[in-house]
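Feature list (source: Swiss-Prot):
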- 1-24: signal peptide (SIGNAL)
- ASN99: N-linked glycosylation site (CARBOHYD)
- ASN116: N-linked glycosylation site (CARBOHYD)
- ASN249: N-linked glycosylation site (CARBOHYD)
- ASN406: N-linked glycosylation site (CARBOHYD)
- ASP481: active site, nucleophile (ACT_SITE)
- GLU484: active site (ACT_SITE)
- ASN523: N-linked glycosylation site (CARBOHYD)
- ASN589: N-linked glycosylation site (CARBOHYD)
- ASP647: active site, proton donor (ACT_SITE)
- ASN648: N-linked glycosylation site (CARBOHYD)
- ASN821: N-linked glycosylation site (CARBOHYD)
- ASN934: N-linked glycosylation site (CARBOHYD)
- ASN942: N-linked glycosylation site (CARBOHYD)
- ASN954: N-linked glycosylation site (CARBOHYD)
- ASN966: N-linked glycosylation site (CARBOHYD)
Amino acid sequence: MMISTAYQSLFLTALFSAISIAVGNVYQTLNVIGDRNVTIPTNGIPQRLSVYDPYRGVNCQGYQAVNISESQNGVTAYLALLGEPCYAYGTDYPLLFLNVTYEEADRVHISIKDANNTQFQFTSRKDLWDAPLYSPSYNNTNLLYNFSYNANPFEFWVTRKSDGEVLFDTRGQKLVFEDQYIELTTNMVENYNLYGLAETIHGLRLGNNLTRTFWANDEPSPVDQNMYGSHPYYLEQRYKADGINSTLNETTYTSSSHGVLMLTANGMDVLLRQDYLQYRMIGGVIDLFVYSGSTESPKETVKQFVQSIGKPAMHQYWTLGYHSCRWGYTNITEIMDVRQNYIDADIPVETFWSDIDYMEKYRDFTVDPVSYSKSDMQTFFSDLVSNHQHYVPIIDAAIYAANPYNHTDDSYYPYYAGVEKDIFLKNPNGSIYIGAVWPGFTAFPDFTNPDVVDYWKDCLINLTYAFGSNGTVPFSGIWTDMNEPSSFCVGSCGSAMIDLNPAEPLTGISKQYSIPEGFNVSNVTEYSSAYSASLSNYYATATSSVFQIVSPTATPLGLKPDYNIDWPPYAINNEQGNHDIANHIVSPNATTHDGTQRYDIFNMYGYGETKVSYAALTQISPNERPFILSRSTFLGSGVYGAHWLGDNHSLWSNMFFSISGMIVFNMMGIPMVGADVCGFLGDSDEELCSRWMAMGAFSPFYRNHNNIYQISQEPYTWSSVAEASRRAMYIRYSLLPYWYTIMAKASQDGTPALRALFVEFPNDPTLADVDRQFMVGDSLLVTPVLEPNVEYVQGVFPGDNSTVWYDWYNHTEIVRQYNENVTLYAPLEHINVAIRGGSVLPMQQPSLTTYESRQNPFNLLVALDRDGSATGELYLDDGVSIELNATLSVSFTFSDGVLSAVPTGSYEVSQPLANVTILGLTESPSSITLNGQNVSSFQYSNDTEELLITGLQNITSSGAFANSWNLTL
């Protein structure tokens with residue numbers, strides 16, 4: 001959720017004046033960096049240099065390696081500064097310490113820090129971030145890489161042994177290591193293919209003219225700018241010509257991929273340029289990890305990285321259903337009506353979500369006693385439980401700062417308990433840091449505090465009572481928002497002003513007047529209906545807002561000698577005005593319980609909240625997998641939660657960009673990811689929402705979410721959207737066993753569930769930047785329509801002529817030529833889906849909820865390759881528990897006319913197998929048996945080369961996979 005652009009203009013002037021006053025006072029006491037004077041304009045803001053200014057490091061000479069020691073485990077050395085300090089953007093350290101560790105056969109860690117350990121060292125703080133990467137096996141007897149270096153000047157490079165590829169190469173580049181500026185540069189191959197460096201709005205392939213900034217930022221969908229999360233890892237894919245395919249007269253290629261991680265939570269720019277990539281960090285040390293990757297598949301490279309930061313959580317089965325949400329439901333009755341509308345429209349819906357509307361005056365862990373009364377909520381929850389549906393409320397990061405002089409605030413437990421337990425972030429002087437968010441002046445939990453889990457657990461338990469549930473948990477997960485954490489003022493603006501609370505919530509939120517590109521206004525009837533429905537949405541108003549009483553001064557900054565926190569001399573390319581790193585965010589000078597400044601761990605606040613929420617929820621509901629959807633993420637967030645792509649717009653471009661966003665987050669180890677379907681900001685329209693609802697059915701996390709005052713966009717609002725949704729959801733719910741299997745695979749070893757085409761077909765360089773199509777697992781290729789007013793879409797179907805693709809709907813082979821686009825018919829209510837030959841897809845007959853679908857018989861869809869073979873797998877468990885008493889894995893193979901199923905594990909599935917469909921079968925069988933029993937019910941189509949076998953329930957009445965079986969044609 002964001003503050004509207006229109007309303008920002010009402011208070012930004014006052015806030016910028018606060019910046020000027022505060023920073024001006026600070027810089028009068030700090031005007032020297034090294035031996036250079038800093039120019040201070042009259043407004044008090046120091047003149048700083050960014051990536052767009054002339055580079056200051058041209059005179060830096062780098063370092064020389066001395067006292068070098070090599071061992072089986074790695075290399076250590078001291079690095080002595082060459083020449084005079086260059087003072088590029090700070091004070092140069094004269095002596096550094098190098099520690100190269102061969103941590104795994106496929107991973108090397110290059111650590112460079114100042115010799116006196118002055119700089120903050122992220123890897124020394126396992127209390128902040130603990131990952132498998134911190135527990136290496138030191139299996140260095142069969143290293144897959146070589147680490148090489150030159151001593152004077154010091155430079156290093158990492159190569160892959162098997163093919164000699166140079167993976168990271170600083171030769172010819174100078175290392176710069178200053179107190180608030182660290183620079184490391186690697187040479188890049190020509191026209192390199194880079195993916196990752198999340199989170200940003202960009203196409204899949206990053207290109208070589210881009211600056212990626214890492215600084216958590218509350219801004220809705222800014223293209224090529226920093227956003228909510230920080231994942232400073234990239235995967236590079238390379239291609240090599242190795243011959244000619246005589247049949248196709250085409251060059252053939254081999255490929256390789258590798259990964260690079262710069263482990264830091266500090267602010268950073270990463271410059272992608274034509275022949276180099278450069279890191280520019282404003283603090284910390286260098287902790288570089290190079291992954292040797294794979295010469296076979298980028299999936300292996302992704303797995304190396306994900307397994308090092310922590311394998312993703314396995315979410316409950318129900319999370320794969322469809323989720324309905326909007327900001328602006330006036331009361332619980334409206335949500336009840338929405339639920340009934342879904343039923344009437346025969347559209348599946350799994351979960352209903354509440355935005356901040358349900359809260360009392362937008363205060364966390366409260367419930368509006370009138371609009372969301374306990375009795376009404378209990379009726380609502382009872383209906384959900386009886387229909388196997390779910391509820392998820394939002395929880396913002398900021399806690400309302402109760403006014404000690406206002407007795408109506410006396411009962412606000414989250415604040416007073418936080419004060420008593422000393423939970424909140426502090427100012428440098430030790431007072432509580434007070435910002436401003438929806439409820440007024442707010443404090444912010446310190447999620448690194450060892451006592452915060454108990455505090456957060458108690459707050460969540462209190463929320464269950466506020467819902468009238470007497471301690472039972474009525475919600476199935478939580479939605480953590482605004483957790484960069486966002487703040488609507490600069491600095492600790494409310495430190496001396498809590499007595500003005502309750503400052504009423506915002507009064508200036510307004511409708512976002514934007515409509516999708518290519519909007520067709522001819523269909524005014526349904527548009528008017530949707531708009532009218534939106535008018536019933538209510539937003540609380542009041543006579544004053546927190547922004548009208550924001551203090552014109554900010555708390556003085558806490559500074560180390562010659563160390564500037566809020567205005568470092570190098571300005572990373574932060575999206576906020578003047579690259580201000582303290583704007584619209586909790587200031588980097590805020591400190592944790594042990595005095596650590598946010599400046600050094602800035603990008604991991606959302607990660608901390610997700611981790612703490614996971615721990616708290618597991619204490620409340622032991623052995624039940626928590627579901628936490630977080631806006632801000634960091635390396636390893638997927639271990640504990642899911643992610644949505646934030647406050648997008650109802651634009652075709654945002655629908656397109658969401659494909660790359662989902663693919664990249666799967667590479668980052670967060671497979672449960674999706675966008676706000678139909679868009680959050682601005683009015684959607686019938687065509688865009690129809691296309692997006694269809695595409696969303698093939699995203700791991702599938703939720704329609706809408707902004708306050710925008711027209712309604714629930715799928716039943718328009719007839720065509722309702723029909724498109726039903727069709728796409730029928731496919732999704734049919735494929736729930738397949739979805740659960742690929743999500744389990746992601747949790748088990750890091751294999752991405754949603755994939756770019758180049759990941760699945762790595763030896764085709766033409767796929768390197770294909771981002772208008774995507775793969776779901778190994779077997780499904782989705783080709784959505786991403787522009788208005790069209791009935792056709794083009795897509796590529798990868799693989800050589802031995803590869804087969806089948807149309808999902810008519811089961812016929814798609815006629816294609818190697819490396820050429822195919823034009824596909826795509827009427828408004830249709831999304832093109834193709835099945836890859838060689839696949840066995842486990843399915844179940846769909847119902848309106850995931851629970852009901854799980855009770856239905858199984859089906860198998862077998863799509864044969866050119867050799868008449870296929871393989872597949874199925875994974876099932878109880879869909880709920882963390883510690884599992886039983887699981888079931890089934891391996892499917894089809895070869896020489898026999899379909900085999902081999903189950904392992906003790907989880908019992910009582911549902912029978914109903915049907916088997918086989919595609920690409922060139923002739924009809926004369927007879928069919930299942931474990932020797934005759935099967936008489938089957939049909940074969942010569943036109944489609946499709947065999948449909950039905951009536952298997954009686955033979956498999958004890959369970960589809962209770963035993964191994966062979967289906968023989």
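Using N, Cα and C of the backbone, Cβ positions are placed for all residues, glycine too.
Projection of Swiss-Prot feature records onto the structure.
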residue : record                      : contacts (Cβ under 8 Å, 6+ apart)
ASN116  : N-linked glycosylation site : LEU95
ASN249  : N-linked glycosylation site : none
ASN406  : N-linked glycosylation site : ASP499, ASN501, PRO502
GLU484  : active site                 : ALA216, ASN217, ASP218, TYR228, ALA397, ILE585, VAL586, TYR605, GLY606, ARG631, SER632
ASN821  : N-linked glycosylation site : GLN794, GLY795, VAL796
ASN934  : N-linked glycosylation site : SER927, ILE928
ASN942  : N-linked glycosylation site : SER924
ASN954  : N-linked glycosylation site : PRO912
ASN966  : N-linked glycosylation site : VAL898, LEU899, SER900, LEU930, ASN931
_I need the nearest neighbour of ASN589 (N-linked glycosylation site) among the recorded positions ASN99, ASP481, ASN648, using C-alpha distances._
ASP481
*May I ask which of the recorded positions ASP481, ASP647, ASN648 is closest to ASN99 (N-linked glycosylation site) if we compare their C-alpha atoms?*
ASP481
*To the nearest whole angstrom, state the Cα distance for the pair ASN648 (N-linked glycosylation site) and the residue listed as 'active site, nucleophile'.*
14
*Return the single residue from the active-site residues list (ASP481, ASP647) that has the minimum number of other CB atoms within 10 Å.*
ASP647
*Using the structure shown, find which entry in ASN99, ASN589 (the glycosylation sites) has the sparsest Cβ neighbourhood within 10 Å.*
ASN99
*In whole Å, note down how far the CA of the residue listed as 'active site, nucleophile' lies from the CA of ASP647 (active site, proton donor).*
11
_Secondary structure of the residue listed as 'active site' (DSSP, helix/strand/coil)_ = coil
